[in-house]
Amino acid sequence: MRHLGAFLFLLGVLGALTEMCEIPEMDSHLVEKLGQHLLPWMDRLSLEHLNPSIYVGLRLSSLQAGTKEDLYLHSLKLGYQQCLLGSAFSEDDGDCQGKPSMGQLALYLLALRANCEFVRGHKGDRLVSQLKWFLEDEKRAIGHDHKGHPHTSYYQYGLGILALCLHQKRVHDSVVDKLLYAVEPFHQGHHSVDTAAMAGLAFTCLKRSNFNPGRRQRITMAIRTVREEILKAQTPEGHFGNVYSTPLALQFLMTSPMRGAELGTACLKARVALLASLQDGAFQNALMISQLLPVLNHKTYIDLIFPDCLAPRVMLEPAAETIPQTQEIISVTLQVLSLLPPYRQSISVLAGSTVEDVLKKAHELGGFTYETQASLSGPYLTSVMGKAAGEREFWQLLRDPNTPLLQGIADYRPKDGETIELRLVSW
């Protein structure tokens, strides 16, 4: 009996040493306001604007949009299956000018799991095959010596593995090996926090599903490595990397308990930073909101292994319309210094305008041209003054003197007197 008591005491001590990443509840009105930002996006049902992440975020949140959710999922199924399957063996894309990427396909598979569905039947098999072909193609691009790079990114590579895992679809060890190699400390290049977090979520799903048993030890070590790297990336304010990579980082950390108090302390600090960012209105982008809402409901993408589709959720009501006040005119300087001849022009716009509004006004005034492409996180620049971003290049937004902007052209709202620079950079 004495030995049993000692054993139970030891178990209690070990349990006390294990810390979970827990985010205390936030003000429900603040969370509801966040969810209300997604409602207008759910009325945009064209293929270009459909975003599976919005559906996933709502289903894993404490909020619901009622019949809007059903219509949105129906539109996702119609659009994605028509474009991805209708042209799977044909060069003719028909009306699918904005054919979904493989990253979008992976998120679509997450959306199905968020509705407690598995891909099944002939159509489902073809979708799975397309995602597996994508991973194989990326694997070849990385190369057997790991000196190459994915055509897209390791973020999309990890997302693809996660999506297949959630649907109980196995991928070959050689596919997992590329992601393992990318995060292992003795091979590790520089990866952003959200890329590391997505890889960590993929590894966590593989481990919990008992997939790739021959890689189990490496997967366990990779989860530990990712956790350590994310914790190291915490800023003095409390964000992991930056404010917009913090939600996905928290999703991973919430699935990855560790001994000691470091994890719990870091997550509480992140919660304080997130609260301040929410109160400042930092979260306006639909993709970022959809990654944060599950965290505020103590959920992660890993919950899609066994989703709870009957959990009670509060009905969202549209935000009350505010009567616009008379807006002042502000002056924003737009400059492009990485091209010859350089461009620099003062642009007058309404206060509250986005960078995209500034670009449109500059184009209307003449002497400035640009092109954009839609993505799940919003439009991004593909060409400025006739100069297209090449492979492994992108047009970066900076606030003068030299501060990279974390938000995209449709989200950042410059203040009066600010200078916005568009700079072509390599990565």
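The backbone N, Cα and C atoms fix where each Cβ goes, and this holds for glycine too.
In the three-state DSSP scheme, Gln396 (cob(II)alamin binding site) is classed as strand. Within 10 Å of the C-beta of Gln396 (cob(II)alamin binding site) there are 16 other C-beta atoms, taking all protein chains into account. According to Swiss-Prot, the feature cob(II)alamin binding site maps to Gln104, 152-156, 190-194, Asn242, Ser245, Gln291, 395-397.
Taking a C-beta cut-off of under 8 Å and a sequence gap of six or more, Cys21 (disulfide bond) has these contacts in its own chain: Leu250, Leu253, Met254, Ser256, Pro257, Leu263, Gly264, Ala266, Cys267. Taken from Swiss-Prot, the feature disulfide bond applies to Cys21-Cys267 (among others).
Per Swiss-Prot, the feature disulfide bond maps to Cys83-Cys96 (among others); the stated evidence is experimental evidence.
Marked as disulfide bond by Swiss-Prot on the basis of experimental evidence: Cys116-Cys309 (among others). With a 10 A radius on its CB, Cys309 (disulfide bond) counts 10 other CB atoms from all the protein chains. DSSP classifies Cys309 (disulfide bond) as coil under the three-state reduction.
When secondary structure is read from DSSP and collapsed to three states, Cys165 (disulfide bond) falls in the helix class. Contacts of Cys165 (disulfide bond) defined by a Cβ separation under 8 A and a same-chain sequence distance of 6+ are given as Val171, Ala202, Cys205, Leu206, Ser209, Phe211, in order along the sequence. Under the heading disulfide bond, Swiss-Prot lists Cys165-Cys205 (among others), citing experimental evidence as support.
The feature signal peptide is assigned by Swiss-Prot to 1-18.
Other Cβ atoms within 10 Å of the Cβ of Cys205 (disulfide bond), summed over all protein chains shown, number 22. In this structure, the CA atom of Cys116 (disulfide bond) is 19 Å away from the CA atom of Gln104 (cob(II)alamin binding site).
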